Amino acid sequence: MGVGRRMKKQGPPGLLDESLITKKRKVSAAAPPEPETANGRNKKRRTSGEGLGVKKPGNKNREGKPKGGNDRKEKKKGPAANPPKAKAAKPTPANRQKAVKEPLPAVSDEEDNFAGSDLGSDAIDDPDVMEEEIGGVNVTGLDALGSASEAEDDEFDDFDSDVADSDTRERRGMWSEDEDDEDAQEKLTAANIEGLTRKLDLEQAQEEADAQAELEELQTNITGDRPKILGDEDEDEESRPLAPDLQLLRSRINDTIRVLDDFAKLAEEGRSRAEYTAQLLKDICAYYGYSEFLAEKLLNLFSPREAFAFFEANETPRPLVIRTNTLRTHRRELAQILINRGVTLEPVGKWSKVGLQIFESQVPLGATPEYLAGHYILQAASSFLPVMALAPQENERVLDMAAAPGGKTTHIAALMRNTGCVFANDANKERSKGLIGNIHRMGVKNTIVCNYSALEFPRVMGGFDRVLLDAPCSGTGVISKDQSVKTNKTELDFIKLPHLQKQLLLAAIDSVDHSSKTGGYIVYSTCSVTVEENEQVVHYALMKRPNVKLVSTGLVFGKEGFTRHMGKVFHPSLKETRRYYPHTYNVDGFFVAKFKKVAPTKAGAVHADSSVKASTTDEVPVDRTPILEEGKEEEDDFAGFDEEEDAKIIERAKRASLRRKGKDPRALGRKGKKSEKSEKSEKAEKAEKAK
Ligand SMILES: C[S@@+](CC[C@H](N)C(=O)[O-])C[C@H]1O[C@@H](n2cnc3c(N)ncnc32)[C@H](O)[C@@H]1O
């Protein structure tokens, strides 16, 4: 049982990062969000997770002092050291959880988002699992990503400004969409003020705790001890207790990280870095409940200290966020109504004009009249990002390749103001029903739902102005929502999934019209943080399709993608891609890459066996990119409804199919010729008769 589970049993987790909000508020509202240092994160965490009954990083234990003594000492410290507890009269995470944990509608548009992937439980199909999250409201502020007190333009504004909100605009208050409505704004703020005040109280308490923690750490560092962490070589493994001592584990994780941070000074004589790293890996697996395979993969993405922050963040839920459906309403109107219903909320930050972060709610957010009328959708904040990067324009033709249950499709349609045409495709029929439901509920009228394996594109249809591939993935970015990811991912998953993702991405590229007057873009996203599913997939596509290049995502925050990792070197333009982590931005882990297609795909670049059926859970994915006619390299790769060409492709597919079955494909040719002949003689007969 992982710590997450344990926490569920023992009560809700502590605050994720309240101080992040406070700190960000101190900097200029116009300043772009900056990632928190892993160090800073750790300090904050020291004050949370009390329900665990374990020590937090930086406590006195890591100095080798008796644990029990430290516990007592900490209790004595009182409110400053443990703000959430000290503020008992204030709303606690448990209160908040209770407030929003109301029954949800039986059929939720977005529920069961992890089910039914083509890759079954191996692939995470939807990071927007917000319905399930309602019980886990976290007061952490997404406004850490930008000030909440930013000018709010009408959500129907030109999209570019949605992506990169102008910093030069005057600040007009939290909700105002124009300068004449200060009264309305005052009312709204007053209604919401109670909840926000409580939040600020918590922030203050958190700050005090941080200061205390910093002091402690300073004291620890002054002592400059060399903690005894590693066991002796001749130590008997079997003599160790079976059940891990969580307190000890956590303390040792802290100490190990401290040693790895300052190896020369703190490591024991004759011990190597590798030994400490191995110990850390073991302890992380035992403490958080990861398989060693996955923990190592994740550990390798970060410095030890940052990895710890990442693993910690996976133990707490991300903030609950809703996206305003601008086809139906405006964010301020929606906020007003929800506040009147007893919801405490705030804009997610200046990076989005449509997101609202929910702090508490007296009503079930998945069953309000506004929800049922499609005024909003429960959607993880990071799920806004791929669509913002895609930046669909009015009157374009857009393909959403893996669309169910439609969080991003409905966002795309809203940005296009219901003009043009969106093709929302998903290989999973069951999930497509949820997609259709969301499309109807949210008043989307420019979208056609289809049910193909996306590997079939562009043979199904091509020539799109923009394509979004929000690919099925392992879900290592959303572990806080699905703790099973910690143990159910195997080496094979990280072979099969990237293989499928690569083929899907090639299909996405081949489905775009490079000569589109307004677009020619492809966005690839996953809710995973592994390099195999992200940089490696993008790098593969760049190698296979020299007719695309990576361009800026236009997103105002996010960490650069890797250009090298564990000895692998990727194309330098990978720095244009963006990574999102729960511990840096308090959003789900995500990856976003944006390509521009600059030329048609050369026919020679595409080789596939199109006879194989769409991928299913058990199949090892195979290359199913479309077959283009050889000798037509210079032509556009638009794959519309060219009957003659389609007939040839089908013929080739049939031959390939026969070959695969061990049959002679020439039989098909003979049959084909025969039928051609008989067709001719039939025509001749008819002509005779007509005479
Ligand atoms: C990450 S989810 C998509 C979430 C969706 N974009 C949203 O925002 O609501 C991935 C989706 O890919 C679908 N999928 C898996 N394999 C596919 C394939 N070969 N072709 C098309 N869709 C596929 C799954 O059914 C799943 O709905």
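Each residue, glycine too, has its Cβ placed from N, Cα and C.
In the record from TrEMBL, residues A402, A403, A404, P405, G406, G407, K408, D470 bind S-adenosyl-L-methionine; the candidate from D426, D493 listed for the same site is D426. If you measure from the Cα atom of A402 (S-adenosyl-L-methionine binding site) to that of C527 (active site, nucleophile), you get 13 Å.
In this structure, D470 (S-adenosyl-L-methionine binding site) is part of a beta strand by DSSP. Mean per-residue pLDDT, taken over the domain 'SAM-dependent MTase RsmB/NOP-type' (310-598), amounts to 97. Across the structure, A404 (S-adenosyl-L-methionine binding site) and C527 (active site, nucleophile) place their CA atoms 14 angstrom apart.
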